[in-house]
Amino acid sequence: MTHSPSPQPPRFTPDAVTLAEVELARLGIGPAEISINVPADIGSKARAAGRLVVTDREGAPAGTLDIHGSTAEATGDDHGTVAVRGTVGTGDADEPRGPHSSLRAHPGKTRFDGWSAIVSHDPPDTYTLRAAGTDRPLLFIVLDGPRERPGPETAVTIRAVLTLREELRDTGQVADVVLVPAPHYGDHRDDALAVAIAESFGADLVRPALRADHAALQEGLDGGGQLPAAEWPAPSLEAWRRWRPPRHERGLVVFFTGLSGSGKSTVARAVVDRLNETTDRTVTLLDGDLVRRNLSAGLGFSRADRDRNVERIGFVAAEIARHGGLVVCAPIAPFAATRARVRQMVSATGDFVLIHVATPVEECERRDRKGLYARARAGELPDFTGISSPYETPRDADLVLDTTHVSVDEARDAVLGLLTEGGWLPPHPT
Ligand SMILES: Nc1ncnc2c1ncn2[C@@H]1O[C@H](COP(=O)(O)OS(=O)(=O)O)[C@@H](OP(=O)(O)O)[C@H]1O
Ligand SMILES: Nc1ncnc2c1ncn2[C@@H]1O[C@H](COP(=O)(O)OP(=O)(O)O)[C@@H](O)[C@H]1O
């Protein structure tokens, strides 16, 4: 009788929260048994192999789910996905992986028995530091993972706590920093997780004395105000400020959307010219046509290709915003869900302003600068927006412009007025 080898386990990258839960379970923290929604074909391959390799967003293995016959289950839903349930193997022997790997510690190997631990995604406040006291060694456990509310990036929080660690060491206190993958849920689960993480290293959780109210912090910083210096040590203040610098220094994405021929490129170009002439801000124009010749070369106009195109624009724009740049984008971007994804992507790193160039299709067709409407009407150009492919009118536009009866200069000034009122431009351009 021949023994057939078990098939290769499939690989799958789950959503960011599940991925962080798998990474935590691999460290022996939190529930080892995890359920992951996967496409039906991955589900059946995983059950056949008895395992699922969970990969991170770079495609590297982040953990393995051992699917036990007794716990494997498949619950179909409307989207052709199934839930596979299994146990995450703990990776004691593995090298730490991911960014800042030198700060990543495994509780099975590195112990902080009897230490106090401050556990958070955010840089710590003065009161919590005080509550930690000076009579015991202090461990900063920085949590790295998706947040329910945006806040300083992990790298920025790390920089703050590394500085605090040095300051404490200078006073003779024993202090250290470790990085642990963990999601932020925004509910009671966060407290329980913080306790579990501290305890896994043998440390006692210092309960946060101040609940960082991100909305209030953001409002204070948006208004150009200072955060109360008594509440935050200087390195934490700097981290919060880097998260939300004053608006005229903060990354901004001005996103035009509208039909072909509505005037997006013309107005966007006029806005960019004026910004370059009158401000010190660095400006990048990601015009629809230009993007399609480079970044999105080869893509067509199916819904999937348009989504890809617009998400690529969003990805690049978010990166530029992360560095404090101003980006003007001008694709048709006909789908509300895709625009919402871009807004969300950008909001993690900067601000997002949506401008709907709402020139009606009749006027766009009358202009028909490129003769595309005529070709679409003649049936030569399939999936043409406004004719044979939908345009979903935005409900969340910050400015609506119909260029039928306004000049290019007026449209440009309406956009610049919005940016000035919002504080993204200095009030008096030089
Ligand atoms: N089928 C179809 N539908 C719409 N537009 C079409 C199509 N085929 C070609 N073109 C030309 O491509 C430009 C739109 O590309 P975008 O990247 O802005 O579109 S999308 O955001 O991906 O929907 C658009 O440029 P603009 O006129 O500047 O909007 C058109 O010139
Ligand atoms: N007020 C206005 N704003 C923008 N474009 C206008 C305006 N009035 C007329 N137009 C003309 O409409 C056309 C818009 O084309 P374009 O800017 O390429 O649109 P889109 O990028 O949305 O396809 C141009 O020929 C432009 O000269």
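Using the three backbone atoms N, Cα and C, a Cβ is placed for every residue, glycine included.
TrEMBL does not curate its annotations; it predicts them automatically.
As recorded in TrEMBL, the features of this protein are as follows:
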REGION    88-107  region 'Disordered'
DOMAIN    250-402  domain 'APS kinase'
BINDING   Gly258, Leu259, Ser260, Gly261, Ser262, Gly263, Lys264, Ser265  ATP binding site
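Within its own chain, the region 'Disordered' (88-107) has Cβ neighbours under 8 Å at 22-23, 25-29, 32-34, 54, 56, 60, 62-66, 142, 144, 154-155, 158, 177-181, 200-202, counting only residues six or more beyond its boundaries. By the rule that a residue counts when its Cβ sits under 6 Å from some atom of ligand 1, the binding-site residues Gly258, Ser260, Ser262 yield Ser260.
Apart from Gly258, Leu259, Ser260, Gly261, Ser262, Gly263, Lys264, Ser265, the residues listed for ATP, the same chain places the Cβ atoms of Ile332, Val357, Thr359, Cys364 within 8 Å of the centroid of those Cβ atoms. With DSSP classes pooled into helix, strand and coil, the tally for the region 'Disordered' (88-107) is 3 helix, 2 strand, 15 coil.
Counting other C-beta atoms within 10 Å of each candidate's C-beta, the binding-site residues Ser260, Ser265 are led by Ser260. Packing around Gly263 (ATP binding site) is summarised by its Cβ count: 25 other Cβ atoms lie within 10 angstroms of its Cβ, all protein chains included. Taking each Cβ in turn and tallying the other Cβ atoms within 10 Å, the top scorer among the binding-site residues Gly258, Gly261 is Gly258. Within 10 Å of the C-beta of Ser262 (ATP binding site) there are 29 other C-beta atoms, taking all protein chains into account.
Averaged over the domain 'APS kinase' (250-402), the predicted model reaches a pLDDT of 96.
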